[in-house]
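J.: Shown below is the structure under consideration.
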Amino acid sequence: VCSRAMASKTPVGFIGLGNMGNPMAKNLVKHGYPVIAYDVFPEACKEFQDLGAQVTDSPADVAERADRIITMLPSSPNAIEVYTGANGILKKVKKGSLLIDSSTIDPAVSKELAKAVEKMGAVFMDAPVSGGVGAARAGNLTFMVGGVEQEFDAAKELLTCMGSNVVYCGEVGTGQAAKICNNMLLAISMIGTAEAMNLGIRLGLDPKLLAKILNMSSGRCWSSDTYNPVPGVMEGVPSANNYQGGFGTTLMAKDLGLAQISATNTKTPVPLGSQAHQIYRMMCAKGYALKDFSAVFQFLREEETL
């Protein structure tokens, strides 16, 4: 099985060509890998046909044609369907295949999928990502990988085409655990940045000046210095584009929900994570579902008038 690492440039299956999957698969093509693609929305595949990729009718068809497959899906139910559904990967998976799931899902679901894959004589690894759409385009994602350590090099060969950091975390599920901890902290820091910026603006501070001060002081964080939520402070971020693109509020709410489930299962107190989950759920209910999660700044500005 490990000799697979030597057989580079053999076809790679890619399932899920959404905001993240599309640029990830393109980076595989750029590195010379023939891609065998599937997405539930056929129009998502057209671009890849034009790039010379094979497009299939189901995840099972991908598994029939490739023994290395990457999946990038929105949620746990989607992942379960793609792997174990009527036309799922496991219907036609080949023995010795390497299946890498880069979706952000419940760690418990990753473990169940790994068991089902193992029964078919194949290998499953969870490898969720951090970095967002910009990093996906640039090939600078961070992958957090869980699975059999002997297979890590084979997975890394593919993942380094799409990311600059590929970190082995431990057994299956630990990649997901690292991801949901990261995103819980990201949500909390984004809300904190939005609150601080909003307060400063109401106190008469220029937002660009306040951001500069925060970023040379102890309050500095990724949300303030790389992804500032206030329109006009930074270029090239969703707040400069009416909060379009980036990482959707509905996805952040989903990831915070996964963190809450894990916190409940492990009896871990996460009071700020819980509050962040509620804030992002309220945003979804008030029309922000498809906006970038940094739109929490706009949400707070609207809430202050109530």
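First residue shown is number 1, and so on along the chain.
For all residues, glycine too, the Cβ spot is worked out from N, Cα and C.
Copying in the features that TrEMBL gives for the protein in this structure:
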type: ACT_SITE; residues: Lys179; note: active site
type: BINDING; residues: 10-38, 73-74, Asn78, Thr104, Lys254; note: NAD(+) binding site
type: DOMAIN; residues: 12-170; note: domain '6-phosphogluconate dehydrogenase NADP-binding'
type: DOMAIN; residues: 173-299; note: domain '3-hydroxyisobutyrate dehydrogenase-like NAD-binding'
J.: Would you mind reading off the Cα separation of Lys179 (active site) from Pro74 (NAD(+) binding site), to the nearest angstrom?
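T.: That comes out at 14 Å between the alpha carbons.
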J.: A 10 Å Cβ contact count, applied to the recorded positions Lys30, Lys179: which residue has the minimum?
T.: Lys30
J.: Which ones in the same chain are close to Val35 (NAD(+) binding site), with CB under 8 Å and 6+ residues apart in sequence?
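T.: For Val35 (NAD(+) binding site), the qualifying residues are Pro11, Val12, Gly13, Phe14, Ala25, Leu28, Val29, Phe48, Leu51, Ala53, Gln54.
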J.: What are the non-local neighbours of Ile15 (NAD(+) binding site), defined as same-chain residues 6+ apart in sequence with CB under 8 A from its CB?
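T.: In sequence order, Gly21, Ala37, Tyr38, Asp39, Pro59, Val62, Ile69, Ile70, Thr71, Met72, Leu73, Val82, Ile89 meet the Cβ cut-off.
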J.: Counting across all protein chains shown, how many other Cβ atoms sit within 10 Å of the Cβ of Met20 (NAD(+) binding site)?
T.: 26
J.: So how many of the residues in the domain '3-hydroxyisobutyrate dehydrogenase-like NAD-binding' (173-299) end up helix, strand or coil by DSSP?
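T.: Within the domain '3-hydroxyisobutyrate dehydrogenase-like NAD-binding' (173-299) the tally stands at 88 helix, 2 strand, 37 coil.
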J.: So what sits near Thr10 (NAD(+) binding site) in its own chain, CB-to-CB under 8 Å and at least six residues off in sequence?
T.: Tyr33, Pro34, Ala66, Asp67, Arg68
J.: Can you work out the mean pLDDT of the predicted model over the domain '3-hydroxyisobutyrate dehydrogenase-like NAD-binding' (173-299)?
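T.: Per the prediction, mean pLDDT sits at 97 for the domain '3-hydroxyisobutyrate dehydrogenase-like NAD-binding' (173-299).
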J.: Ten-angstrom check, please: count other Cβ atoms within 10 Å of the Cβ of Ala25 (NAD(+) binding site), all chains counted.
T.: 30
